[in-house]
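Trainee: My structure is below; once you've seen it, I'll send some questions.
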Amino acid sequence: MYASREDIEYDFGDDSKAGNKPIKPNPNIDGGWAWMIVLSSFLVHILIMGSQMALGILNMEWLEEFNQSRGLTAWVSSLSMGITLIVGPFIGLFISMCGCRKTAIIGGILNALGWILSAYASNVHYLFLTFGVTAGVGSGMVYLPAVVMVGQYFQKRRALAQGLSTTGTGFGAFLMTALLKYLCTEFGWRNAMFIQGAISLNLCVCGALMRPLFHIISEKHVVRSNSEDNQAKALSRSAETIKSNGVLHEEPEKREEATNEEMHDSVQHIEIGGKSRSGRSIYGLCILKTVSQLMVTVRKGFSIWYSSYFGAASLFTNRVFVAFIIWALFAYSSFVIPFIHLPEIVKQYNLSSQNNVFPLTSIIAIVHIFGKVILGIISDFPCISTWNVFLMANFTLVTCILTLPLMQTYVTLAVVCALIGFSSGYFSLMPVVTEDLVGTKHLANAYGIIICANGISALLGPPFAGWIYDMTHKYDFSFYISGLLYMVGIVFLLIQPCIQKKQLRETSTEEAQV
């Protein structure tokens with residue numbers, strides 16, 4: 001797993017027998033604190049992804065408030081969702097330098113600030129900056145660490161753990177839709193965004209729960225530790241060993257006394273010097289040392305980040321992974337467009353009274369929860385391929401997107417929305433599929449690229465649907481075009497593995513002939 005020193009630390013043994021340094025499995029892996037990480041990630045998905053899935057409520061408020069076109073207004077929601085995912089590769093740099101915990105806490109503060117500042121918006125362009133960019137970047141700084149930490153803490157049942165944590169998206173979409181609708185009705189959309197900003201500060205608590213993973217070194221082997229406690233223990237043992245020898249007993253005591261006297265004199269000298277001189281030079285040296293250490297950390301983190309993306313072992317040399325990126329560029333918009341524009345579609349079909357009783361977006365959200373868990377459980381069976389489950393879910397989702405415009409009654413729309421919710425549960429399999437393609441070491445960077453591609457899709461999808469509506473006064477073509485592009489991405493997923501297998505067979509045949 002690609003992580004900083006703070007995310008993976010070591011607990012050292014005390015024994016002094018010579019040998020190698022094998023790492024013992026941490027008891028928190030697949031248990032213990034790992035479930036707190038799942039809880040933290042679950043809450044992050046509620047507060048970030050769930051809130052973004054409920055933006056259709058605010059989108060209608062913005063349309064009435066600012067009297068702008070649907071295409072322009074949709075950019076606010078799409079910027080927030082898109083930037084959350086697009087910044088994924090760059091958040092990897094923050095993780096390598098600061099660790100997941102600090103990155104998530106800073107992101108939580110930034111996200112809350114974006115919501116609060118948006119309450120004072122005077123036009124749509126103001127919302128582009130405050131809600132789209134500020135809140136979007138903050139969301140991205142929390143979202144990627146939440147996904148990465150679950151992958152670090154789980155080795156077995158990783159698909160189930162990711163499924164449970166990402167069900168927060170479904171719970172959040174259901175809860176946040178009801179909450180924002182209530183807040184907008186009772187207090188207005190401006191106060192609703194202010195209150196939501198205060199709620200978003202809980203992301204800092206979620207970040208604090210992302211405790212770094214400690215690896216335990218076996219106690220039967222010697223380990224050199226940089227901590228002051230281990231140095232003190234080693235010195236005390238050395239002193240006891242020397243004192244146990246009668247011949248060398250007195251001389252070390254004299255040396256210790258002399259050393260203590262020298263240290264006392266030096267301390268007095270420093271105190272006298274400190275009184276006679278200004279302490280600015282000492283503070284200056286401390287600041288210089290801190291800055292130099294920070295620069296070293298930044299250089300190391302950047303070199304690792306850069307080599308992973310653009311070095312000789314670049315992820316882009318993996319053709320199947322490149323096909324996965326192309327799929328991601330088209331897939332996410334097909335899932336986002338219904339959430340943003342379904343309230344408007346329901347209004348056009350005069351189904352508002354039925355939709356108010358049980359919103360279609362809530363149906364997607366609730367079934368989405370079960371889809372993630374069930375697909376995760378199925379994928380953990382040894383006899384079932386995660387890749388095949390992933391592809392089947394994609395085929396089901398694209399079929400629903402293409403047939404949604406044909407449904408014009410509440411019941412038929414509800415059935416299609418339920419299928420969309422269940423099949424979109426494949427999102428919980430994305431980290432697992434990504435890890436199978438690139439390995440655990442490159443998961444953070446690779447998943448950052450995938451969610452970046454998803455972000456581009458989310459950024460362009462809703463405005464494109466709004467633009468099509470402004471031209472045709474129908475959403476039908478938006479679903480048809482996004483569904484066809486989604487199908488192109490699935491075809492890439494099917495073709496590339498077949499090409500790779502064929503190349504491997506040809507290579508093995510040539511080697512056998514030689």
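Cβ from N, Cα, C; glycine included.
When I checked TrEMBL for this same protein, it listed these features:
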- 37-501: domain 'Major facilitator superfamily (MFS) profile' (DOMAIN)
- 33-55: transmembrane segment (TRANSMEM)
- 75-96: transmembrane segment (TRANSMEM)
- 103-121: transmembrane segment (TRANSMEM)
- 127-148: transmembrane segment (TRANSMEM)
- 160-180: transmembrane segment (TRANSMEM)
- 192-214: transmembrane segment (TRANSMEM)
- 320-340: transmembrane segment (TRANSMEM)
- 360-378: transmembrane segment (TRANSMEM)
- 385-404: transmembrane segment (TRANSMEM)
- 410-433: transmembrane segment (TRANSMEM)
- 445-465: transmembrane segment (TRANSMEM)
- 477-495: transmembrane segment (TRANSMEM)
Trainee: At a threshold of under 8 Å on Cβ distances, which of 33-55, 127-148, 360-378 pairs most often with the transmembrane segment (75-96)?
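Mentor: Per the Cβ under 8 Å count, 127-148.
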Trainee: Which bits of the chain, at least 6 residues beyond where the transmembrane segment (127-148) starts or stops, bring a Cβ under 8 A of a Cβ in it?
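Mentor: 1-3, 40-41, 44-45, 48-49, 52, 62, 75-76, 78-88, 91-92, 94-95, 100-101, 103-104, 106-115, 117-118, 121, 162, 165, 193, 203, 206-207, 210, 431, 443-444, 447-448, 451.
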Trainee: When you scan the chain for residues with a C-beta under 8 Å from the transmembrane segment (103-121), skipping those not six or more beyond its ends, what do you find?
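Mentor: Result: 44, 48, 91, 94-95, 127, 130-131, 133-146, 190-191, 193-194, 196-198, 200-208, 210.
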Trainee: Would the transmembrane segment (160-180) and the transmembrane segment (410-433) count as touching if the test is at least 3 Cβ pairs under 8 Å, pairs 6 or more apart?
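Mentor: In contact, yes.
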